[in-house]
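Chemist: Pasting a structure below so you can have a look.
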Amino acid sequence: MFSELDLLDFATFDGGATTEAAFASPANQTYDLSSSVPSSVSNMGTVSPQELLLHEPYLSAPSSTALTALTSPSLFDGSPDFDTFDISPNFGHSDLENPDTWFSLFPDATPLPQAQAQVQTQPQTQTQTEQQTQPLPELVQSVQPTVQPTVEQTVHSVEASPATPSEDLEVLSPGSGHQRRKSSVSPPSGRHSSVAGVGSRRRDKPLPPIIVEDPSDVVAMKRARNTLAARKSRERKAQRLEELEAKIEELIAERDRWKNLALAHGASTE
C-alpha cells in the first residue's frame, strides 16, 4: 500500500529543494573528493571535517593527496589558516610556544635573598680581616702555648722510649757541663756466625754513639730516634741472615752425611 521512501526523497523547507541538495558538501564542486573511493562506499550526504576545513590553497592538489593521515599537517595548531576556525581543543600558539606557562615537574628551589647572603658573608670577611690585621706578637703568643707542650711531649717520649736504653744514645744534661749520660750497652760476647763458620758481615768497629746536646731540640731528638730505629732494623736483618746461613750450613752437612752413607752401601752416584 505504501511504497518504500528514501530519506533523500523528502523535500526540505527551503523552497522545494531536495534533501541531497540541501546537505551537499560545501566544498568546491570542481574537485571530486570521493574520486579515490568506490561509488558503492561513497555517500555525498555525509560531510567530513576535512571537507569543511578545505581552503583555496589546498585545492590545487588532487583529492587523494589533499589531506592524508600521514603527510598532511596537523589540523590542531598546524597552520595559521586554521586560526579562524573554532577547533577543539583550540590550542593557541602562545600556549605552546611560551615555556613560561608550563608547569614545573619538580618544586622550584627558593633562591637565597641577596640581603641574607650579604649578612652571612659579612662576618666571615670581617673575621678574616681581623686575623690579617692582628699584630705579630699576639700571633706568636697564640701559637706558642700549642708548640711548647709538643716539645715537652716529644722529649719525654724519646727519653721514655723502650728502644733508647738498648742503643747508644747520649744526652747532655743542661747543668752537668760536658758530662754525658750513656746507656749501658753490653755487646754480645760471641757470635753465632763465628761458630758456624760463616764470615761476619758486621762492622769491625762499633758505631759511634748518638749524642744529643740540646734535649729541647725537637728536630735533633727526632733525628736521633730515627737513627736508633734504623740501627735496630739493620741489626735484626743481620741476625736473621746469620740464622739462615747457619741453617744452610746444617742442611748441607746433613746432605753430605746421607750421601756418604748411601755410597757406602753401594748406591750409584748417577
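Backbone N, Cα and C atoms are what each Cβ position is placed from, and that goes for glycine too.
Feature list, courtesy of Swiss-Prot:
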COMPBIAS  184-195  compositional bias 'Low complexity'
DOMAIN    216-270  domain 'bZIP'
REGION    114-135  region 'Disordered'
REGION    153-213  region 'Disordered'
REGION    222-240  region 'Basic motif'
REGION    241-248  region 'Leucine-zipper'
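Describe the structural surroundings of these features, if you would.
Modeler: Taking H, G and I as helix, E and B as strand and the rest as coil, DSSP gives the region 'Basic motif' (222-240) the counts 19 helix, 0 strand, 0 coil.
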Chemist: Mean pLDDT across the region 'Leucine-zipper' (241-248), rounded to an integer, is what?
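Modeler: Mean pLDDT across the region 'Leucine-zipper' (241-248) comes out at 96.
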